[in-house]
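Student: Straight out of Swiss-Prot:
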BINDING   Gly8, Arg11, Arg91, Arg137, Arg140  ATP binding site
BINDING   Gly8, Arg11, Arg91, Arg137, Arg140  CTP binding site
BINDING   Asp21, Asp23  Mg(2+) binding site
Amino acid sequence: MKIYLVGGAVRDSLLNLPVKDKDWVVVGGTEKILLERNFQQVGKDFPVFLHPETHEEYALARKERKSGKGYTGFDTDCNSDVTLEEDLIRRDLTINAIAQDEYGNYIDPFQGKKDIECGLIRHVSESFIEDPLRVLRVARFAATLVHLGFKIAEETMLLMCIIVKKQELSYLTSNRIWNETEKALKTLNPHVYFQVLYECNALHFFFPEMYFLYEKKNFLNRSFFKKFCNKNIILMGLAEISLLNKDIDVRFSYLCQFLSVNQIDRNYSKIFFDSYAASIIHSVCKRFKIPSYIRDIAVLNTGFYFFLNTIHYQSSKNIINLFSKVDAWRKPDRVKKLAFLSNFNFLRNFKSEFFCIKSGCFLEKCFSVVKNVSIKLILKKGFKGYEIKQEITRLRIKKLEFWRIKNIKHRFYL
């Protein structure tokens, strides 16, 4: 029985990246042998075991044969006569199909080390097309490694297009799709993930709402789309904010905000909350079971998009109402996130009409002015029940209005 280090640990070590998890493949072993050595079996579809001390994953070498549809439609063979190369050939990419023995020697039958040196993301074999999940994985690896100069091999991109054309993507669960997307949003360049999905024609399947943005024919105001909302502007913006903010909810919300742009012909200066745009985001989040902390910021930012970008012209009453609607009194961090997003919105291109670059700063300043209005003083005055809420709202509006009048000459409220 021989044991080899495989997968991401070998790849990341060769790339001089931090090794997070170590996965091992066992050649010539059996379930019985590993159980006798106190390994704990955890795999359902195929034998995977946890080491009794390190708790690292050890999988029996296996072969796979396509027997159905989707990423689960495989029969596996985990017999002790399965070779290391037979195990490695079933893997998705050459850079993930390198093994290392106990002496540090590399076993690299598919030239993964060479592809690492050349910065190439390339499939191992033609069986790549049998697993639709690989479309998402390749897009994620492209986002993960682009800063190191990696690109997808042309022949691999062609196979991804074939997977899409064969409609294999329909067999992926929403959970699988979101898991890969969430990982991509954590990378240094999440915009690359969506660009790759667009290029292989998969974006419209996974995110039809987002694909809508790529087609100017869908827009009421096509000249507006051409100038401000083409895919390059959208993805460049995501790249820009990703340099400044690592929060997944902020990055995801940035993409979602563009779903409001087709409302541009409406009288947006009078919109308080765009329930239609917000409902689209809510539907996306429900479909993928996206965590509530991400959903909430995305829905709020999209719904209040036009209000936030005309906030200088809004009444103090409406601004206080905004803080209440976003639950800012209990969750002040939401104001910070919405302010950040407001400073990176597509409407900032209208510099002559809006003070958009400063809208986020203004929002935060407004909140700092009113957040400390004392409830204790209101209670001392004898207010009860609903009267308490009415009075604290009145005092907040009054305090904000006083500050705005006092600072009216400072147009940008710095």
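Each residue, glycine too, has its Cβ placed from N, Cα and C.
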Student: Do you see any of the binding-site residues Gly8, Arg11, Arg91, Arg137 whose C-alpha is within 10 Å of Asp21 (Mg(2+) binding site), and which ones?
Tutor: Gly8
Student: May I ask for the distance between Arg11 (ATP binding site) and Asp23 (Mg(2+) binding site), taken between their Cα atoms and rounded to an integer number of Å?
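Tutor: Distance (Cα to Cα, whole Å): 11 Å.
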Student: Write down the Cα-Cα distance for Asp23 (Mg(2+) binding site) and Arg137 (ATP binding site), rounded and given in Å.
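Tutor: Computed Cα spacing between Arg137 (ATP binding site) and Asp23 (Mg(2+) binding site) is 18 Å.
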Student: Using C-alpha atoms only, work out the spacing between Arg91 (ATP binding site) and Asp23 (Mg(2+) binding site) and round it to an integer in Å.
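Tutor: Given the Cα positions, Arg91 (ATP binding site) is 13 Å from Asp23 (Mg(2+) binding site).
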Student: Can you list the residues of the same chain, besides Gly8, Arg11, Arg91, Arg137, Arg140, whose Cβ falls within 8 Å of the ATP site's Cβ centroid?
Tutor: Gly7, Asp92, Leu93, Ile95, Asn96, Phe141
Student: Determine the minimum-neighbour residue: among Asp21, Asp23, listed as binding-site residues, which Cβ has the fewest other Cβ atoms within 10 angstroms?
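Tutor: Comparing Cβ neighbours within 10 Å for the binding-site residues Asp21, Asp23, Asp21 has the fewest.
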Student: Would you mind listing, in sequence order, the residues at least six apart from Gly8 (ATP binding site) in the same chain with a Cβ closer than 8 Å to its Cβ?
Tutor: Val19, Lys20, Asp21, Asp23, Asn96
Student: Greatest CA-CA distance (Å) over the residues Gly8, Arg11, Arg91, Arg137, Arg140 that the record ties to ATP?
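Tutor: Looking at Gly8, Arg11, Arg91, Arg137, Arg140 as a set, their Cα atoms extend up to 16 Å apart.
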Student: What is the total of other Cβ atoms whose distance to the Cβ of Arg91 (ATP binding site) is within 10 Å?
Tutor: 21
Student: As a test of the contact definition, list every same-chain residue at least 6 positions from Arg140 (ATP binding site) whose Cβ is closer than 8 Å to its Cβ.
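Tutor: Long-range Cβ contacts: Glu180, Lys183, Ala184, Thr187, Tyr193.
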Student: Check Asp23 (Mg(2+) binding site) against DSSP and tell me helix, strand or coil, would you?
Tutor: strand
Student: Per residue, counting other C-beta atoms within 10 angstroms of the C-beta, which of the binding-site residues Arg11, Arg137 reaches the highest number?
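Tutor: Max Cβ neighbours within 10 Å, all protein chains included: Arg11.
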